[in-house]
Amino acid sequence: MELLHLLLFSWALSAHLFLALAQRSTYIVHLDKSLMPNVFTDHHHWHSSTIDSIKASVPSSVDRFHSAPKLVYSYDNVLHGFSAVLSKDELAALKKLPGFISAYKDRTVEPHTTHTSDFLKLNPSSGLWPASGLGQDVIVAVLDSGIWPESASFQDDGMPEIPKRWKGICKPGTQFNASMCNRKLIGANYFNKGILANDPTVNITMNSARDTDGHGTHCASITAGNFAKGVSHFGYAPGTARGVAPRARLAVYKFSFNEGTFTSDLIAAMDQAVADGVDMISISYGYRFIPLYEDAISIASFGAMMKGVLVSASAGNRGPGIGSLNNGSPWILCVASGHTDRTFAGTLTLGNGLKIRGWSLFPARAFVRDSPVIYNKTLSDCSSEELLSQVENPENTIVICDDNGDFSDQMRIITRARLKAAIFISEDPGVFRSATFPNPGVVVNKKEGKQVINYVKNSVTPTATITFQETYLDTKPAPVVAASSARGPSRSYLGISKPDILAPGVLILAAYPPNVFATSIGTNILLSTDYILESGTSMAAPHAAGIAAMLKAAHPEWSPSAIRSAMMTTADPLDNTRKPIKDSDNNKAATPLDMGAGHVDPNRALDPGLVYDATPQDYVNLLCSLNFTEEQFKTIARSSASHNCSNPSADLNYPSFIALYSIEGNFTLLEQKFKRTVTNVGKGAATYKAKLKAPKNSTISVSPQILVFKNKNEKQSYTLTIRYIGDEGQSRNVGSITWVEQNGNHSVRSPIVTSPIIEVW
């Protein structure tokens, strides 16, 4: 019997080890193309032959899904390599083959979930819109969850013929045929082999570029949607919706499906976009914190930059914690999210005649007129459905809810209690980003809440009337940084201040699939519509992409770095009260680690005067300085053989400055020098003088203090020195250097921030 137990145990152990070795995963594999043997006709031939050689050299094994290694995608534009399903033994064999650089497991990617053209001061008579022809013939790629092609935002009224340089396709699939593309939506493709490699039993319910989520449709219409008249979000924000670049061409690459969102599919989408000839890429997805050399968005964006394509990416919605930012690589345009000057309201009229404009997005014309209002400390915590159920005549009663710090839970409980309406007292900035408001009611601030409570306490029969579906413009202050917008510095590389720019991202009206539920009334009435309000840096990134696209149309010779520089150095750090832009998290002045250089100003970006340009070699020099292993360097840069590392430099020619200091004893000590080179993109000769604003407890100096340009496209360099001395209690401090044109109109501003490194890690 003991022998039998021993044999059974040995068999079980062997089976367990076999399954562990045989278990396959999808890997992203980076190869050095310079080492591709001459026998292969192209990269795909090399990749498929590599997998075939693995099959021949490694004993066959079967896991739950796969009986052999399998090639998923071949990549050659934004990176060189492939994705493949491999066991650990097969991966080990692959590592021994010529050209192998690195490999890491496929991972999931997360989404970072109108009036804004007016707020951005875009107009048809002057500035960036007419100068760029509204972005005409620039091709913007939106990598997301697909598109709803029937939307009015994607009709091609007024669009000329498709540019001949376009190489992409309109790929047919489920509920999507090639005729659904047009002169606006010139391309639609989809990528889901990574999902199927992860689990071949999955049934892709919408195997096409059609959007069943809404995120992609919304983002695409923000960046380049055509003019769509007479739209609104259930009566809020009524008017004409239009994208930032309404005459730009859209190419949609769906890599995010209901069944999953994988890195291998994302890379394939970006690789194809660059091959198709797009000018700009907008992506509103990111990862949790991972190293730069495993961040596929950063790696693929580096490859896109090398081919002259700028990537605009969302900073993420994990704010307001310091260092919470995604997509902060030096070659990416990283976009933060801000509130605009538009607010949505319901007017609260008390029985004594006092009118208060409360915040509301209740999606219907509810009839709340002269209804009784009640308030008591226990009930008005609004945290107990049981207590609220004891309210007499709830269908005709308005309850006041105190601020208990959990508005969403209060709204859920109020809705389930089926009360007539509620008056919520809250100053939580998160409340004013959500478009979900299923129960009649308004949100008022604490001061207004006291007025309402005093009225109720001092009235025998207190009543109130609430009207809904109201939209107001020119709210002050605006813009304001959204509390959820992720903050820098970037964990990818601390030496550059990120994010780069602030763009509209809170309650943005844009297109949406009409068969996807958008909001609700009560607990069981689900509503859908063609246009909805959404919030997040996901909405900010396509705004920036649309502006960048128009700058590319107006200045086709500008590099990705020049476009980003123009947007940053002309950004406005002040709000519409001409005071520093505030952070809605703490109501204090925002820093460059919250909002970048400031709020994007498209018309000023058209004519920035000077730009901080950077070549692909400049980014390579930066990578050379980061003490990466050869494997890590080549994973990003593809091949060390094709790059020169003789001049490594961590000081990239960037239009912002960050100095991170360490704490030594009771004092912080810092002295850091930066070298910058600016290019004159004005009309001709010009002279600029430096205007300095030092961060608190700092001195800054610049040499030379005057830059003289004799010709357009001439370059001049300067050195900025920051010296900081302070006690350990000091935190982030802000300054700036502005090059002011003498006898001219240009003002070229770069933010400066000093911050203790201990706050990041």
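Just so it is clear, glycine is given a Cβ too, placed from its N, Cα and C backbone atoms.
Keep in mind that this is a model prediction, so the values were computed, not measured.
Annotated range for region 'Disordered' in Swiss-Prot, selecting from 149-173, 199-223, 574-598: 574-598. Looking up N177, N644 in Swiss-Prot for N-linked glycosylation site, the annotated residue turns out to be N177.
When N376, N627 are compared with the annotations in Swiss-Prot, the one labelled N-linked glycosylation site turns out to be N376. Long-range neighbours of the compositional bias 'Basic and acidic residues' (575-586) within the same chain, counting only residues 6 or more positions beyond its ends whose Cβ lies under 8 Å from a Cβ of the stretch, are 319-320, 338-339, 341, 429, 432, 474, 476-483, 502, 594-595, 598-599.
Separation of the C-alpha atoms of C170 (disulfide bond) and H215 (active site, charge relay system): 20 Å, rounded to the nearest whole number. D144 (active site, charge relay system) has its Cα within 10 Å of the Cα of none of the recorded positions C181, N203, C382, N697, N745. Here the Cα atom of N203 (N-linked glycosylation site) is found 43 Å from that of C382 (disulfide bond).
Separating the Cα atoms of C401 (disulfide bond) and S538 (active site, charge relay system) is a whole-number distance of 32 Å. Considering only the recorded positions C181, N376, C382, S538, N697, the residue whose Cα is spatially closest to the Cα of N745 (N-linked glycosylation site) is N697. Under the DSSP three-state reduction, S538 (active site, charge relay system) is assigned to helix. Ranking the disulfide-bonded residues C170, C382 by how many Cβ atoms sit within 10 Å of each one's Cβ puts C382 at the top. Within 10 Å of the Cα of C645 (disulfide bond), not one of the recorded positions from the list N177, H215, N376, C382, S538, N697 places its own Cα. Taken through DSSP, the compositional bias 'Basic and acidic residues' (575-586) splits into 0 helix, 3 strand, 9 coil.
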